[in-house]
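Q: When I checked TrEMBL for this same protein, it listed these features:
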type: COMPBIAS; residues: 1298-1352; note: compositional bias 'Low complexity'
type: COMPBIAS; residues: 1807-1842; note: compositional bias 'Low complexity'
type: DOMAIN; residues: 943-1040; note: domain 'WSC'
type: DOMAIN; residues: 1072-1170; note: domain 'WSC'
type: DOMAIN; residues: 1200-1294; note: domain 'WSC'
type: DOMAIN; residues: 1360-1455; note: domain 'WSC'
type: DOMAIN; residues: 1668-1763; note: domain 'WSC'
type: REGION; residues: 1169-1194; note: region 'Disordered'
type: REGION; residues: 1293-1352; note: region 'Disordered'
type: REGION; residues: 1467-1659; note: region 'Disordered'
type: REGION; residues: 1807-1854; note: region 'Disordered'
type: SIGNAL; residues: 1-21; note: signal peptide
Amino acid sequence: MILSLLRIGIVAAVLLDRALTSGPTDEYRDSDLGQTSYYDNHNMDPAVVDSPEFGLLWKIPFNPQEQFYAKPLVYTPSAAGSNQIVFLASSQNWIRTLDAKTGALINSRQVRTPFLQSDIGCTDIPNTIGITGTPVIDPNTDIAYFYAKTYIPNFRTPGNTGTFNGVYYFYAVNVNTLQDVPGFPLLVDGSVADNDPRKYFVGGTILQRPSLLKVGNYVYAGFGGHCDLFNYTGTVLGIDITQQKVITNFATESGPNSRFTTNWQQNLGGGQAGIWMSGMGLASDGNRLFFVTGNGVGGENQGTPASGSSGCRTLGEAAVNLGIDTSSGKLNLVDYFQPYDYTNMDGGDQDFGSGGIVLLDPNTFHGGSVNRLGITAGKNGKIYVLNADNLGGYKQGPGQTDGIVQTIVTDKSIFGAVGSYPLEGGYMYATPIGYPTYVYKLSSDASGNPVFAGVGQTTEGSAGRVGAGVPTITTNKGQPGSAILWVTDPDAGLRAWYAVPQADGSMKRINLPQVGGINKFQRPTFGDTRLYTTDANGIIYCLGSPVNLPLNCSSPVNFGNVALGSASTVRVNCTALIDVTSINGVTVGDNSFQVSNASLPQGAVKKGTSFSFPVTWNLSTTVVSNQQNASFGNTSPGIKTTPLTILTTNAVQGYTTSFPLSLTGNEVSQNAYLSVTPNTVDFGGLVLNVSGEDPQSVLPFTIANLGLDALTILGYAYTYDEVDDDDANFINSTESASNFTWDLGLGFTASLPPLGRVVKPGESISVQTTFKAVNGTGSYLSYFFVYSDGGNQFTILEGEASTAPKANFSISNGEGGWLPDSNLLMDFGTVSPGGNVTRQIRICNVGGSVLLISKSKPPLGDIRAVNYGIDLHESQAIQVGDCAYGDVIFNPGPEPPNIPDFTDTNTWTLNVNDLSFGVHVVQMTGVVHDRVVGPEYANGSARYLYLGCYADTLPTRLLPNEPYVDTTNNTNQECQSACLKAGYAFAGTEYNQECWCGHNAPPGSQYHLESDEKCTFSCPGDVSQACGGNGGYISIYYDSSVFTPTNQTYNQSSTQPSGSGGGPQILQSVEGYNYIGCYSEGSNGRALSGKAPAAPQAGGSVEYCASQCAGFVYFGVEYANECYCGNTLNAGSNLVAGSDPTVTLCDMTCGGNSTEYCGGPNRLNMYQSNGTAESTSTTASNGAPTSTPGAPTNHQTVGQFVYLGCYNDSVGTRALNGPATGGNTITIESCAAACKNYAYFGTEYADECYCGNSLQAGSVLSAANGNVDCNMACAGNSSELCGGPNRLSMYGPNPNASASSSSSLLPTTSTTGSSSTSVSSSTNVSDTASSTSLGPSTSSTTSVTRVTPTGPVTVPSAAGFGSLGCYNDSVASRALSGNSYGDGKNMTIENCAVFCTGYTYFGVEYAAECYCANAIGAGSVISSASNGNDCNMACGGNKTELCGGSNRLNVYQKSTSSSAITSASSKTASSTGSINGPASTSTSSVNSTSGGSSTSPSATSSSTSSISSSTGARSGTSTTTSSSTTTSASASSSASSSSATSNWLSSISTSGTSQPTTSTSISSTLTSPSPSSTSPSSKISSSSTSSSAASRQTSSAASPSSTSSSTTSSVTSSASSTTSSVPSSSSTFSSSTIAQSPSSSTTSQTSSTSSKAGTTSVTPTANPAIGNFSYVACYNDSSAARALSGKQYFGSPTTKNMTEELCAVTCQGYTFFGVEYGQECFCGNTLQHGTSNVTNSSCSMPCPGNSTELCGAGNRLNLYQYNSTLAAQGGAPIATSPSTTSPSTTSSAVATSAVSSTVSKTTASATSVASSGPASAPSTTLLSASGSTSASVVPSSTSSTGGRMIKRDWPYHG
């Protein structure tokens, strides 16, 4: 009773599972939960399928090399009226939906870049490995779940790709849109195994092949390996789709007896036991999960029997049952079965796990004590029938064999699984490789336990290679007699048969339309009367019947039980669906079914008319016989089915004229009727003489009574003669008294029912028969008869016995012979590009039985198998005495000349069922030898080697020198010779006829793969060579004697070329100077203090420095671009020991010649005169040269600044962290002008200029002061001093400067500590400008306790926030989506904490980005990495702290404790900010009497102003100060205008685009202008409003994410034609220096009149060109660092104002800009390594400031590049978005697009550039209201590197 209840519960689970189906004909997963492969809900009528009406409806190809290993799914979305769709997922990570009826594409999307097959070497899945496991769709939510394999660049190893950068993401997408469900995808890499914490998930080495299983809220997936390569362990991952996280990771090999190593490369290192099952899904009955594993290494079971409940932890070659904890989703081992000979299976690669496990329908497949059956099969030629409730453990059977329900020995390999049919008594189907599909019927043994006996087979065999699909069975609405068997085949395509064998065991074929060879292991998918399948070429086919039927008739027509000798008549009922001209007749497939045409309607049948006609099944005259050799006309009991077809002539075109339907009935016998099945019991072959084995085979046959009367068994006999021979000699079978077995013939025995046994009607008895080779090797045959009163029947028993197979292995030697079998090296020798050489592998069978190839992994690529998948394929049988061959070809592709010889390699892995053979890995190698052109070395090798094809499209040429133009005979060798003669390291040919030379390597961002086919112009002098390509592409070669690439760029293989030697060198002599070594800098000033020539624009070099220092005794080159001269070496400068630049640290290449070394940080390559140089200097007594002009001095005052002294530059960060400029034009005056909006400026190293509003921690007045440390003459004026090495000539606010020329900012020094910092400060601000406190310091008491960490660590708390851990950042939206800013130079945990005051959470990411929010976004969860290494990037402003990582945030939450936090109602906390936002102060508790940075009131102004400023406060409230301020900006005070002014920038300025550079909140009423105004009598009246910003003179430090709103009024001048540049009279400005928290910011009313006209939906697109930039493509963002590492701007979190135009303005002067995540803007001059273009559809987010434009996506940038052609034309025209606002300060108001003509145009300053600004940024000029120049930027030729200013050379590659 208990067992019956259990079975009822299982059946209920199955019924519940079926009830979840969304549509009645949907197939939303691979199969049902039990993987039975039986479907009754798709209206597949055999009468229709087996008729001309069933055909190909449509087929659709997709991308080249795209394949579908995941089977199609058919689903009807839940929305009312939805049509059925087909869901497809491919190996290229594309997902698509099609209309199931028409095939029309609905949606498509590539979710990720697919993993490359070439990165793992296994060729099972060629080309790309993306989505390979069949997804599952949740019918309750319309969500599809699947895994996609892809890369995270630089994730575990350097590079964009590579095995160990491979990862898996778990996706959840809405099938209606294909968009990600919020919170998904999930990165599952790094998840740790529940049952072995040593092991964790490494996506690159593992494969997700099985179909997914969904049970409740949990989705489970199995993972195996790639060809048993690398260190992997079989795994089951479980995802909780509601919690959106990994909730279980079960490893199939765990514990101390399992293999473990941390070496990912080590094959077998993880123990294997992979779960792949030929794509079969995990099976389940609701609360249990079943799967089968493959080969394992090591094991707990070593001969000692163990029960299934023993808890074995090494589960290789096992069927496994895991229990599902329904409350948590966790998995735990419940039961397992491991074959007794599993170690032999391991040795022969006879994977148990090549097949999955099927849980048969318990309503049919049960018996005795067995309530549910599980069946599995694999490569080892056995079908295992298991008790699903007691799988069998290890060696639990008789004689320590398998203790399972039944073992069916076939000696035939099965990949996939068996199929089942639960009706008509129960059938099971198996399709071995290269053999027919075998049919087994359920029976029972003497104890009533279920067993299977073979009853039939198909005539057709499957392909002789792996790939046949799982047999699949359908019925028409569950009707017996309507079953169809479907099998996919990699050669034959799709086949079908009637599923129940005929009386003779044959299977009746159903002819189908031909489709291509089906992709391996795939089952067909069924919809409503249609089926779908994909072939190996990536084409999807839809087969079905036409939908336009003229009639609707009842089908099938069921006659029920009809006794032999009787007849039965039923009526067929039909209704006309259209007007039918006539019913022409009917045809019937079986003559025993009779119908008269006279009974059909006569004449026309109108639409809607119903009619019927009779059909008779006449068995009254049928001859009944159960003799197998009876003549035609006999019949036997059982269900019979035949088609009936109605023929019509239709009055309406487009409808079929033949309408098929099914007739079915059960033919019964009134008398007893004996049946013995199968006709033949084939025991296969036994292998003899194997040590320790006693081979035998056991198979059943069935004795059954098909009649309605009882049957009595009368006797048994057998014969060795042919049964139809009249002289056949029959021998009565006898029963052995010792073991009660009967003799069935020589070698065959069985336990038979006793004579006289009565077999009840419908009863069947399974007879287990044993075959043993009692006479040794040879053939065995017996015809065994059963005699009864219900007839006589026989079956044929046959078997073979032989010795074991023996393999002989050899490789051809290329000379007609064969190498010894121990040689596993296939050497192709040297082959030229385009050539080919062929070799062979031969395997011969010299044993006594069939040799099977159990493993074969052939090569692909330049070295490849000629007949991939055919020669030496898995499961190929090699007969005794035969040989099998595999051809291999080495065929390297064409390539440019002068690529050094390189070796190409590959492997072919093989194994056979000869246990002494073992795995053979054939190593294949060949050398590619390219042709040589141009200058050669003495050994004949090329001197100039090929570097690659590059886009010569930057503003300056990659190679700037052109030695000639040859329109008729140009070749690469001519160009190389010319460049060598001129002394250049690089030579390039372009546009056929051009030759270009240069010293510097091209940037990697311009490189293109050869496969891109960009350099395709033939050279005029040799058409076989390429000389560049269309669109400005250049073919570049390098002199290998002086340059060695640091990154190989020719191809993607592991055999990339490298230079043959040389590289950057130390020049030993030059122009009268000899090299004397690498010297350190002086301890008290420069080592050489005579002269410091500025570097030329092209960069420094040894030769240049020598020419500039002519006449001096010494010169030295330093920091790549710096040159110093002197007659003595100053104190502290010493020779550094060693000659290796990497040791001495003189390892920086020259900025102007990358083939030479030019010193290093505080290191000089030193040269001394050899006496040949002419001296031009006089020498003082101290040996230093005396300069001719007067000695340089410091300016005591300059403009608004006064000289403060000589200050040291900070160590951890710059003393002044505002904008920085540099170059050979730097003077005190130019630096003051550049920094006029800041409180401080300083000059350093002669040619560097820095600005700032505060001095950073560590910068103090030099102890030496004076000119001792600040001793370097300005590069632009040798009479002035411009700092020194790590010393700044510091200037601060001048109290005597007029109010109009200074904003009187009073910054304070900030004190930063890595931990436990307490600052108490009291700052008094004078009421008058004349009493303003000067200097970089304030009155403060500072107590700092410093802890020096051993490395970057996670800060536990900061500013009232506590660490939560390392979280992933969401993809669809940010994890923290409140406020944000970026600062690569100054980011710390403390700064971000202060910035996010007022929010609940903050997080830091990518070392430089700060995010705030009050909630963590969906999908962002704590990282699963146990060691937290996902957050592994040190903070840009404090290298001892961790600031997140690649898409990872260190997340902090507001503490509930009030300690160390100033409440919103308390005095405002002061935290002095720098110009880059909140990056300068780290405090745990700060109290101040005023804001840290205030605006000084003017003593002379009669204006009255109300100023509301929050310039430094970060607490919940802002500080308010009332004062009188004059705010003015004069148009005439602008710096000089540059000719590089861009028309497109001007168009933005005059189109209402606001670019404010201030963030001081000002509310004022001006009664008169300032004294310095150019319009002293301007009359000001308010007229219209527009968003604007204050002029620069009132601007304080601007945070990147500051918010501002303003009202700008018209200005009318009556006294002068010059309009005042005051933004507006009677204006109100409200802003914040630092973006406030939600509780403190005050936003003025936004004035906005711009909106898109109408409501028409516009698909967002990327502008092809914006200003001076042209669109490149959609690029992925790098993971190790941002793709663009220059300036960053994140827009406003409130107004969401980002547009492509706004980002273009922000990035003026840079080579690239990109928009990402909809709201983020990045600038840069190079693309970081790891960045590559992806499909444009990946960039899908509309810009929030203009929804018609695209602004990237998650980790995707819409990338733009500077275009010199556009710049020359004044820039591309722009459709200005009305919401485009400033990159300097984010406006909370949107500028109105329509502004009165009298409104003053806002003066947009371009001086607000980040300190990490562009190299060589062009001067940018905007226009004032009057059209005159109002602002300009001093061109910058240097960029900040954190430690000092150096010329930035773009890297060679990445």
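Just so it is clear, glycine is given a Cβ too, placed from its N, Cα and C backbone atoms.
Values in this document were obtained by computation on a predicted structure and should not be read as measured data.
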Q: Determine which recorded stretch among 1072-1170, 1200-1294, 1668-1763 has the most C-beta pairs below 8 angstroms with the domain 'WSC' (1360-1455).
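A: Highest pair count goes to 1668-1763.
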Q: For the domain 'WSC' (943-1040) and the domain 'WSC' (1200-1294), decide whether they are in contact, meaning at least 3 CB pairs lie under 8 A, counting pairs 6 or more apart in sequence.
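A: Contact absent: fewer than 3 Cβ pairs fall under 8 Å.
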Q: Can we call the domain 'WSC' (1200-1294) and the domain 'WSC' (1072-1170) in contact, meaning three or more C-beta pairs below 8 angstroms at a sequence separation of 6+?
A: yes
Q: Within the domain 'WSC' (1668-1763), count helix residues (DSSP H, G, I), strand residues (E, B) and coil residues, in that order.
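A: Each residue of the domain 'WSC' (1668-1763) counted once, the result is 10 helix, 37 strand, 49 coil.
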Q: What are the DSSP helix/strand/coil residue counts across the domain 'WSC' (943-1040)?
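A: Breakdown, helix to coil: 16 helix, 37 strand, 45 coil.
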Q: For the domain 'WSC' (1360-1455), how many residues does DSSP put in helix, in strand and in coil?
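A: Looking at the domain 'WSC' (1360-1455) with DSSP, the answer is 7 helix, 33 strand, 56 coil.
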Q: Please count the residues of the domain 'WSC' (1072-1170) that DSSP assigns to helix (H, G, I), strand (E, B) and coil.
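A: Across the domain 'WSC' (1072-1170), the residues distribute as 11 helix, 35 strand, 53 coil.
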Q: Write out how many residues of the domain 'WSC' (1200-1294) are helix, how many strand and how many coil, based on DSSP.
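A: Grouping H, G, I as helix and E, B as strand yields 7 helix, 37 strand, 51 coil.
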Q: Need one number: mean pLDDT over the domain 'WSC' (1668-1763).
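A: Its mean pLDDT is 82.
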